[in-house]
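Per TrEMBL, the feature FAD binding site maps to A:36, A:55, A:63, A:68, A:108, A:143, A:307, A:348. The domain 'FAD/NAD(P)-binding' feature in TrEMBL is assigned to A:27-312.
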């Protein structure tokens, strides 16, 4: 799996200033900025439905950006070959006329229906939205840090095992163990070395994926004996009541016990369905059941498109998600504009659509 | 058809026949082998199709490429012989291949 920079995984000291006076009111909330979420903005936009897009990652693209930015995709119609990043960039360009507002590094946690029929959505950062329709385009779920399969690790999480650090000061004076070889592991090694009582970096091999300049800096700290580098793998945790006292590390020469009071494992991200499971929607094997006319969930006004939905014959293809977005938008229009009759139009010939696209 | 044997952590073994040109991961998925998750679908973008190639077969399967080594950083209990089986292409030379499924993918 892929790592993001530490800043992408948590709220930094300064970004807490993102509070607003009240909930943000909008027509549609799109959950997920992957290709299907982005194209949904386009289809909604053509029908004058304004959208805010929320994504847990720090940039658009979803799996395309996180898992396959450089890898070629061969089955997007009319693009014989396109990389995940290119596809994302092109979609961003395509939806620009509709001015979607993005909320990155945030995850929708709460979703409740208000008395007036609208939905109140709350993010983990405290941002609130009021929307007439919700489009769940969350793909495989939200990207969350991978939990190493060490016995009893859950007990330590949040107390002495951390997947991100909010405030560097909280780590002062700790005997810290950092596990991993990517940018997150190396960045935090460099950031925490000055405040730690001791810092041990554990990686399975003496080669690092992280940016070469970070690796160089880390090597220098190791030379100065500020940081200890161990080549090995953590096999067990030692401690009680959530407080870590040591970890066992399997190395080429045997198992060694390293005393520590905090561990930061960086094994990349994995996708978890997350809070979606708590919104009262009909689920089938962790996917959201929808109809194939509107791609609406069991809850009127909440739609699900792309990899996260299921219906008879479902294929997890980007092109299917695009189709689902187009039909969803037609149904969403009935909710957002109950009194307006929708005239089906083509972008090729409709001057009103062309005006919206800014080409006329 | 090429025979591939998957051995589970509890010792249970399953031998499947697979077409050349597929990957060992695809052979596992087609035959519902437990413990091979292949979350990313074979793009070498996760580490959930981790296997241990039997010692006798390591010369034939070859070593992990750089990108695969990077992904193996995300696997648990990496050992000698650790590979992501979506990166092993099935050929006649691999007829009889034995791989072990790790206790955990993560």
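From the backbone N, Cα and C atoms, a Cβ is placed for every residue, glycine too.
For chain B, the nearby binding-site residues by a Cβ gap under 8 A number none, drawn from A:36, A:55, A:108, A:143, A:307, A:348. Residue A:348 (FAD binding site): 7 other CB atoms within 10 A of its CB, across all protein chains.
Residues within less than 8 Å, Cβ to Cβ, of residue A:68 (FAD binding site) and separated from it by at least 6 positions along the same chain comprise A:83, A:84. All protein chains included, residue A:307 (FAD binding site) registers 26 other Cβ atoms within 10 Å of its own Cβ. Every protein chain shown contributes to the tally, and the Cβ of residue A:36 (FAD binding site) ends up with 31 other Cβ atoms within 10 Å. Every protein chain considered, the tally of other Cβ atoms within 10 Å of the Cβ of residue A:63 (FAD binding site) stands at 25.
When other Cβ atoms within 10 Å of the Cβ of residue A:108 (FAD binding site) are tallied across all protein chains shown, the result is 26.
For residue A:55 (FAD binding site), the count of additional Cβ atoms within 10 Å of its Cβ stands at 29 [all protein chains shown].
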